[in-house]
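Quick look at what TrEMBL lists:
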TRANSMEM  12-31  transmembrane segment
TRANSMEM  51-74  transmembrane segment
TRANSMEM  81-102  transmembrane segment
TRANSMEM  108-131  transmembrane segment
TRANSMEM  143-162  transmembrane segment
TRANSMEM  174-196  transmembrane segment
TRANSMEM  243-268  transmembrane segment
TRANSMEM  280-300  transmembrane segment
TRANSMEM  307-328  transmembrane segment
TRANSMEM  334-352  transmembrane segment
TRANSMEM  364-386  transmembrane segment
TRANSMEM  392-414  transmembrane segment
Amino acid sequence: MAVHLTDQRWDALFFSTVLLATSCYCMQEVPSLHDYLKDFFGKQQPAQFEFYYNISQSISHGILISYTIITGILADLYKPAIVLIVQAFLICGAQFSIYIAVYSQQLWLLFVGRILLYTQASALFISAKVFVSNCSSEKYKGLSIGILVSSGVVIFGVNLIVDPFLTSNYGLDISTFTTFLIASIGFICSLVCYHYEQTIEYEIKIQDDSGPDSEDPTNSVQEIITEEKISQWEQIKNFSRHYWVCCVILFLSINLSTVMEITAPAFLTSIWQMNPLHVTQMFSMVPLMCLTVPFFAYLIDKYKIHYEWIIICSLIQLVGIVFLAYIAPVSGTLIFGLGLSMRVAIVGPILIKIVPSYSFGKAFAIVSFLKDLSGLVVFSIISVIIKKYNSYHYVIIIMLFINSLVFILSIPFYRQGKLVKL
């Protein structure tokens, strides 16, 4: 459902940001408490814990590949706040099942809750972005999405500190129940988001009824007709080639960042012979650098440098990988982190500029879908390479190739983008 707003709603942004932050906190709990949970359940089923842990992660990724598309379509077809309410409710249920699993010592219940929690919390990124886009004026759309996304990234690091602290001092039952209460706060925020969405729709209706006071009523009517008459599949088929090139650039960049975050620490310890503790401390700086995302997103929208930004951030990431692998690992990590933050900042602003507002959900979902699907292939190839050569050197070469491909694609994308009115 397309919504056009002239006034920025910071209150709606606040509650949607809190909702996303609570879901990210819940999603990170099981990984943060992995060792505690293994010790707790391993007393009775030591061999089964790791098996269930790994298989639940694989099942979650498999479900998420198709579920992201469904989420995007539902967010466009119906009100995104309704989708947020359903997702927040399921996250509460999943988190409660994790608490009950600890309370009753039922291992299977832990991973049922984990699968449900991971799929819902991951897909909530899509519906939350659509909601924030609808609740933001054109001037602040990029900044609003930047604030939303950066809150999720930062809260992952918060959970890594808070959850182990609560568990070590008060036990698993207290920490998991606390997380359930946090999930409940997220559900309340989803209800508030629905209220704001209803209010905004009423404001839009008043603006439409004013007729002559609207800037271009013809465009508004045409968009409503397009939204109602064209099927969701037809809307996807009608995406321009420009959008699909953007998709390739974005999902390759996202996969590149994910692979680097996972494999670079092992590369540094094996090739540069760095202390694992120092490597961990060094890479903890990368998520913190995402605090700059709202500022970058604001610059993108203010100066209308969407296409130039993609070239710059891909070049910075390329330089960061080269420095990390061959010149100065510390400087390379910081440069790569800067490029990562710049890439995170551009995803929302560029997509909402090149697709119709009634297709925001599908636009975000397709990028996520391609990222997850290609990620399975990329990580499978990397696993084979590491197993065969017992070295991360070739992995870095692959990452350099992918980043170079992104940089090359961004040049014709920039040229074509100059023909598109932003």
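Cβ atoms here come from the backbone N, Cα and C positions, even for glycine.
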Problem - Beyond the flanks of the transmembrane segment (280-300) by 6 or more, those residues with Cβ under 8 Å of it - result: 142-143, 145-147, 149-150, 153-154, 156-157, 261, 264-265, 268, 306, 309, 329-330, 333-334, 336-338, 340-342, 344-346, 348-349
Problem - Which of 81-102, 174-196, 307-328, 334-352, 392-414 contacts the transmembrane segment (12-31) most, counting Cβ pairs under 8 Å - result: 174-196
Problem - Same-chain residues at least 6 beyond the ends of the transmembrane segment (143-162) whose Cβ lies under 8 Å from its Cβ atoms - result: 8, 13, 16-17, 20-21, 23-25, 28-29, 32, 125, 128-129, 132-133, 135-136, 284, 287-288, 290-291, 293-298, 301, 344-345, 347-349, 352
Exercise for the section: Sort out for me which stretch, of 81-102, 307-328, 334-352, 392-414, has the most Cβ pairs below 8 angstroms to the transmembrane segment (51-74). Expected result: 81-102
Problem - Closest-packing stretch to the transmembrane segment (108-131), where packing means Cβ pairs under 8 Å, from 174-196, 364-386, 392-414 - result: 364-386
Fill in the blank from the handout: Beyond a gap of at least 6 residues from its ends, the CB atoms lying under 8 Å from the transmembrane segment (334-352) belong to 129, 133, 141-142, 145-146, 149-150, 153, 246, 250, 253-254, 257, 260, 264, 285-286, 289-290, 292-294, 296-297, 300-301, 306-307, 309-310, 312-321, 323-324, 360, 363-364, 367
